[in-house]
Amino acid sequence: MAKTYDYLFKLLLIGDSGVGKTCLLFRFSEDAFNTTFISTIGIDFKIRTIELDGKKIKLQIWDTAGQERFRTITTAYYRGAMGIMLVYDITNEKSFDNIKNWIRNIEEHASSDVERMILGNKCDMNDKRQVSKERGEKLAIDYGIKFLETSAKSSTNVEEAFFTLARDIMTKLNRKMNDSNSAGAGGPVKITENRSKKTSFFRCLLL
């Protein structure tokens with residue numbers, strides 16, 4: 001059977017339990033919102049294929065449990081991720097403070113050039129806000145990461161967040177392929193995973 005996509009990108013949603021990772025995933029993958037989701041047990045993923053610059057991108061989006069007791073399960077999936085969304089709840093100060101801990105986990109376990117984005121979720125609940133948008137923006141700037149406030153309930157910025165992350169990954173892939181070709185490699189390239197956690201995730205190999 002012919003392949004129905006040009007690229008496969010593996011993405012992770014990480015953050016504390018209850019920040020809305022599963023709701024974001026369902027809003028993007030199925031355009032659905034459900035307030036009765038129970039806390040995610042282990043890890044699950046959804047698929048959605050999008051189009052960017054004439055290319056079909058298959059997004060495999062993993063929803064990882066935020067509770068401390070599942071952290072080892074989450075860690076096993078960092079190495080395969082090409083993009084990671086760090087999610088906090090704007091009505092929960094602690095979930096925002098813990099973003100720094102999640103970033104340290106990424107730095108320890110993920111590839112050095114994985115694309116990252118911080119999402120301040122539940123922005124529809126502005127009357128219960130504990131974390132200002134400015135604080136979220138400042139944290140993102142400090143780490144050199146893009147930032148958006150989102151709402152799975154109202155669908156605010158959900159599409160934009162996933163499309164932005166996918167575009168950043170695609171831009172990086174294209175740049176690396178161009179660098180390989182300009183270095184005299186020539187011919188088609190295949191993107192493969194580099195298992196070393198402190199080196200680039202992306203390697204270009206001649207087919």
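Placed from the backbone N, Cα and C atoms, the Cβ positions cover glycine too.
According to Swiss-Prot, the protein has these features:
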BINDING   17-23, T35, 39-40, G66, 121-122, D124, 152-153  GTP binding site
BINDING   T22, T40, D63  Mg(2+) binding site
LIPID     C204  S-geranylgeranyl cysteine
MOD_RES   T72  phosphothreonine
MOD_RES   S180  phosphoserine
MOD_RES   C204  cysteine methyl ester
MOTIF     31-45  motif 'Switch 1'
MOTIF     63-80  motif 'Switch 2'
To the nearest whole angstrom, state the Cα distance for the pair A152 (GTP binding site) and the residue listed as 'phosphoserine'.
39
Reduced to three states, what secondary structure does DSSP give D63 (Mg(2+) binding site)?
strand
How many other Cβ atoms sit within 10 Å of the Cβ of V19 (GTP binding site)?
27
On the three-state reduction of DSSP, what should I expect for S17 (GTP binding site)?
coil
Among the binding-site residues C23, A152, which residue has its Cβ surrounded by the fewest other Cβ atoms within 10 Å?
C23
Fewest other Cβ within 10 angstroms of its own Cβ, chosen from the recorded positions S17, T22, S180:
S17
Around D63 (Mg(2+) binding site), how many other C-beta atoms are within 10 angstroms of its C-beta?
22
Taking every residue in the motif 'Switch 1' (31-45), what is their average pLDDT?
72
Using DSSP and collapsing to three states, where does T22 (Mg(2+) binding site) fall: helix, strand or coil?
helix
Those residues of the chain, 6+ apart, with a Cβ under 8 Å from that of K122 (GTP binding site):
V19, G20, D89, I90, T91, S151, A152, K153
